Amino acid sequence: MSNISNEAVILIKDVKPGSKNLNIVFIVLEIGRVTKTKDGHEVRSCRVADKSGSIAISVWDELGSLIQPGDIIRLTRGYASIWKGCLTLYTGRGGDLQKIGEFCMVYSEVPNFSEPNPELLAQANQQNKTSKEQRGNSPPNQNAGNGTVPVFSNNNAAPVPRDPNFGASGRPNGRAPGNGPPPVTAGGTPAPPKPTVSISNGRDPRRASKR
(Lines of atoms letter the chains of each structure in order from A and count residues from 1; the text may use other names and numbers.)
(Lines give C-alpha, C1' and ligand atoms only; values in the text may rest on other atoms or scores of the structure.)
Protein backbone atom coordinates (compact mmCIF):
# COMPACT_ATOMS: atom_id res chain seq x y z
CA MET A 1 0.00 0.00 0.00
CA SER A 2 2.90 2.36 0.61
CA ASN A 3 3.95 2.22 -3.02
CA ILE A 4 0.43 2.99 -4.20
CA SER A 5 0.03 5.95 -1.87
CA ASN A 6 3.27 7.49 -3.04
CA GLU A 7 2.27 7.37 -6.72
CA ALA A 8 0.64 10.49 -8.11
CA VAL A 9 -3.09 10.30 -8.81
CA ILE A 10 -4.44 12.19 -11.82
CA LEU A 11 -7.93 13.21 -12.88
CA ILE A 12 -9.87 11.74 -15.76
CA LYS A 13 -9.72 15.04 -17.64
CA ASP A 14 -5.92 14.72 -17.81
CA VAL A 15 -6.03 11.35 -19.57
CA LYS A 16 -4.78 11.47 -23.17
CA PRO A 17 -4.42 8.82 -25.88
CA GLY A 18 -1.20 6.89 -25.41
CA SER A 19 -0.83 7.78 -21.71
CA LYS A 20 0.78 5.07 -19.57
CA ASN A 21 1.28 4.33 -15.87
CA LEU A 22 -1.97 6.07 -14.99
CA ASN A 23 -3.16 6.15 -11.36
CA ILE A 24 -6.79 7.24 -11.06
CA VAL A 25 -9.47 7.01 -8.36
CA PHE A 26 -13.03 6.81 -9.70
CA ILE A 27 -16.53 5.57 -8.92
CA VAL A 28 -18.29 2.99 -11.09
CA LEU A 29 -21.44 4.35 -12.75
CA GLU A 30 -22.50 1.65 -15.19
CA ILE A 31 -21.39 -1.82 -16.25
CA GLY A 32 -21.85 -2.75 -19.89
CA ARG A 33 -22.66 -6.05 -21.48
CA VAL A 34 -20.21 -8.93 -21.40
CA THR A 35 -18.47 -9.74 -24.67
CA LYS A 36 -16.28 -12.76 -25.30
CA THR A 37 -13.13 -12.80 -27.37
CA LYS A 38 -11.97 -15.60 -29.66
CA ASP A 39 -9.63 -16.77 -26.91
CA GLY A 40 -12.52 -17.19 -24.49
CA HIS A 41 -11.88 -14.06 -22.38
CA GLU A 42 -14.75 -12.00 -21.00
CA VAL A 43 -14.57 -8.24 -21.50
CA ARG A 44 -16.77 -5.65 -19.82
CA SER A 45 -16.88 -1.97 -20.68
CA CYS A 46 -17.65 0.07 -17.57
CA ARG A 47 -18.37 3.77 -17.26
CA VAL A 48 -16.53 5.44 -14.38
CA ALA A 49 -16.25 9.04 -13.20
CA ASP A 50 -14.52 11.45 -10.85
CA LYS A 51 -15.05 15.14 -10.18
CA SER A 52 -13.59 16.11 -13.58
CA GLY A 53 -15.79 13.91 -15.80
CA SER A 54 -16.46 10.34 -16.89
CA ILE A 55 -14.69 7.82 -19.11
CA ALA A 56 -15.01 4.20 -20.22
CA ILE A 57 -12.74 1.47 -18.89
CA SER A 58 -12.34 -2.03 -20.31
CA VAL A 59 -12.15 -4.73 -17.63
CA TRP A 60 -11.26 -8.35 -18.37
CA ASP A 61 -12.35 -11.67 -16.87
CA GLU A 62 -12.78 -11.99 -13.08
CA LEU A 63 -12.18 -8.34 -12.25
CA GLY A 64 -15.17 -7.38 -14.35
CA SER A 65 -17.44 -9.80 -12.52
CA LEU A 66 -16.44 -8.38 -9.12
CA ILE A 67 -17.09 -4.73 -9.97
CA GLN A 68 -20.49 -3.29 -9.02
CA PRO A 69 -22.04 0.16 -9.61
CA GLY A 70 -21.19 2.51 -6.76
CA ASP A 71 -17.80 0.94 -6.03
CA ILE A 72 -14.93 3.38 -5.53
CA ILE A 73 -11.87 1.91 -7.22
CA ARG A 74 -8.22 2.87 -7.53
CA LEU A 75 -6.59 2.11 -10.88
CA THR A 76 -2.80 1.66 -10.82
CA ARG A 77 -0.47 1.46 -13.82
CA GLY A 78 -3.27 1.78 -16.34
CA TYR A 79 -3.05 3.15 -19.86
CA ALA A 80 -5.31 4.93 -22.32
CA SER A 81 -5.96 4.22 -25.97
CA ILE A 82 -8.49 5.02 -28.68
CA TRP A 83 -10.87 2.18 -29.53
CA LYS A 84 -13.44 2.74 -32.26
CA GLY A 85 -12.83 6.47 -32.05
CA CYS A 86 -13.42 6.59 -28.27
CA LEU A 87 -10.90 7.24 -25.51
CA THR A 88 -10.79 4.16 -23.27
CA LEU A 89 -8.91 3.14 -20.12
CA TYR A 90 -7.24 -0.25 -19.75
CA THR A 91 -5.62 -2.00 -16.80
CA GLY A 92 -2.68 -3.36 -18.76
CA ARG A 93 -0.42 -6.28 -17.80
CA GLY A 94 1.10 -4.66 -14.73
CA GLY A 95 -2.05 -2.74 -13.81
CA ASP A 96 -4.42 -3.38 -10.94
CA LEU A 97 -7.88 -2.42 -9.72
CA GLN A 98 -8.55 -2.12 -5.96
CA LYS A 99 -11.82 -1.35 -4.26
CA ILE A 100 -11.28 1.34 -1.62
CA GLY A 101 -14.87 2.35 -0.78
CA GLU A 102 -18.50 2.69 -1.82
CA PHE A 103 -20.80 5.52 -2.91
CA CYS A 104 -19.20 8.36 -0.92
CA MET A 105 -17.41 10.26 -3.66
CA VAL A 106 -17.97 13.52 -5.50
CA TYR A 107 -18.17 12.93 -9.25
CA SER A 108 -19.50 14.43 -12.46
CA GLU A 109 -20.85 12.51 -15.43
CA VAL A 110 -20.18 15.44 -17.75
CA PRO A 111 -18.12 15.77 -19.82
CA ASN A 112 -17.91 12.23 -21.10
CA PHE A 113 -14.38 11.88 -22.42
CA SER A 114 -15.20 8.56 -24.10
CA GLU A 115 -17.65 10.09 -26.56
CA PRO A 116 -16.55 9.64 -30.18
CA ASN A 117 -14.12 12.43 -30.95
CA PRO A 118 -13.14 12.74 -34.63
CA GLU A 119 -10.34 15.17 -33.78
CA LEU A 120 -8.55 12.65 -31.56
CA LEU A 121 -8.98 9.96 -34.18
CA ALA A 122 -7.60 12.23 -36.92
CA GLN A 123 -4.60 13.18 -34.80
CA ALA A 124 -3.82 9.53 -34.10
CA ASN A 125 -4.05 8.67 -37.80
CA GLN A 126 -1.76 11.56 -38.75
CA GLN A 127 0.84 10.50 -36.21
CA ASN A 128 0.81 6.96 -37.55
CA LYS A 129 1.13 8.16 -41.15
CA THR A 130 4.02 10.51 -40.41
CA SER A 131 5.93 7.84 -38.50
CA LYS A 132 5.46 5.36 -41.35
CA GLU A 133 6.54 7.91 -43.97
CA GLN A 134 9.69 8.79 -42.04
CA ARG A 135 10.60 5.13 -41.71
CA GLY A 136 9.74 4.32 -45.32
CA ASN A 137 11.50 7.23 -47.06
CA SER A 138 14.94 7.20 -45.43
CA PRO A 139 16.16 3.65 -46.05
CA PRO A 140 15.42 3.33 -49.79
CA ASN A 141 17.25 6.57 -50.63
CA GLN A 142 20.38 5.42 -48.81
CA ASN A 143 20.29 1.94 -50.28
CA ALA A 144 19.69 3.14 -53.82
CA GLY A 145 22.54 5.66 -53.75
CA ASN A 146 25.13 3.45 -52.13
CA GLY A 147 24.28 0.12 -53.71
CA THR A 148 24.34 0.74 -57.47
CA VAL A 149 27.76 2.26 -58.21
CA PRO A 150 30.18 0.07 -56.22
CA VAL A 151 28.49 -3.20 -57.11
CA PHE A 152 28.90 -2.87 -60.86
CA SER A 153 32.40 -1.38 -60.70
CA ASN A 154 33.73 -4.17 -58.50
CA ASN A 155 32.17 -6.94 -60.54
CA ASN A 156 33.63 -5.67 -63.83
CA ALA A 157 37.15 -5.24 -62.46
CA ALA A 158 37.39 -8.52 -60.56
CA PRO A 159 37.23 -11.12 -63.38
CA VAL A 160 39.94 -9.45 -65.50
CA PRO A 161 42.96 -10.25 -63.26
CA ARG A 162 41.56 -13.61 -62.15
CA ASP A 163 41.58 -15.33 -65.60
CA PRO A 164 45.29 -14.80 -66.53
CA ASN A 165 46.45 -15.59 -63.01
CA PHE A 166 44.73 -18.96 -62.91
CA GLY A 167 45.96 -19.82 -66.41
CA ALA A 168 49.55 -18.73 -65.75
CA SER A 169 49.98 -20.35 -62.36
CA GLY A 170 48.86 -23.79 -63.57
CA ARG A 171 52.18 -24.68 -65.32
CA PRO A 172 55.73 -23.26 -65.35
CA ASN A 173 55.54 -22.14 -68.99
CA GLY A 174 52.43 -19.99 -68.32
CA ARG A 175 54.42 -16.80 -67.56
CA ALA A 176 54.27 -15.91 -71.23
CA PRO A 177 50.91 -14.10 -71.14
CA GLY A 178 50.22 -13.88 -74.85
CA ASN A 179 50.68 -17.51 -75.91
CA GLY A 180 47.34 -19.09 -76.63
CA PRO A 181 48.52 -22.75 -76.77
CA PRO A 182 50.74 -23.02 -73.64
CA PRO A 183 49.22 -26.38 -72.67
CA VAL A 184 50.10 -27.86 -76.11
CA THR A 185 53.71 -26.71 -76.00
CA ALA A 186 54.08 -27.82 -72.44
CA GLY A 187 52.76 -31.25 -73.36
CA GLY A 188 55.05 -31.59 -76.42
CA THR A 189 58.33 -30.38 -74.92
CA PRO A 190 59.20 -33.41 -72.79
CA ALA A 191 59.76 -35.65 -75.89
CA PRO A 192 62.40 -33.59 -77.81
CA PRO A 193 64.72 -32.67 -74.91
CA LYS A 194 65.46 -36.35 -74.17
CA PRO A 195 66.91 -37.17 -77.64
CA THR A 196 68.91 -33.93 -77.71
CA VAL A 197 70.69 -34.90 -74.54
CA SER A 198 71.36 -38.42 -75.83
CA ILE A 199 72.61 -37.18 -79.22
CA SER A 200 75.09 -34.74 -77.68
CA ASN A 201 76.47 -37.48 -75.50
CA GLY A 202 76.46 -40.08 -78.33
CA ARG A 203 79.55 -38.72 -80.12
CA ASP A 204 81.99 -40.63 -77.92
CA PRO A 205 80.46 -44.11 -78.41
CA ARG A 206 80.42 -43.69 -82.22
CA ARG A 207 84.11 -42.96 -82.30
CA ALA A 208 84.74 -45.91 -80.05
CA SER A 209 82.74 -48.22 -82.32
CA LYS A 210 84.68 -47.13 -85.45
CA ARG A 211 87.91 -47.93 -83.69
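Cβ from N, Cα, C; glycine included.
Marked as DNA-binding region by Swiss-Prot: 27-97. The compositional bias 'Polar residues' feature in Swiss-Prot is assigned to 136-157. Summarising the annotation, Swiss-Prot assigns compositional bias 'Pro residues' to 179-195. Sequence annotations record features per position, and here Swiss-Prot assigns region 'Disordered' to 125-211.
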Taken over the DNA-binding region (27-97), the model's mean pLDDT:
89
Summarise the DNA-binding region (27-97) as counts of helix, strand and coil residues per DSSP.
6 helix, 47 strand, 18 coil
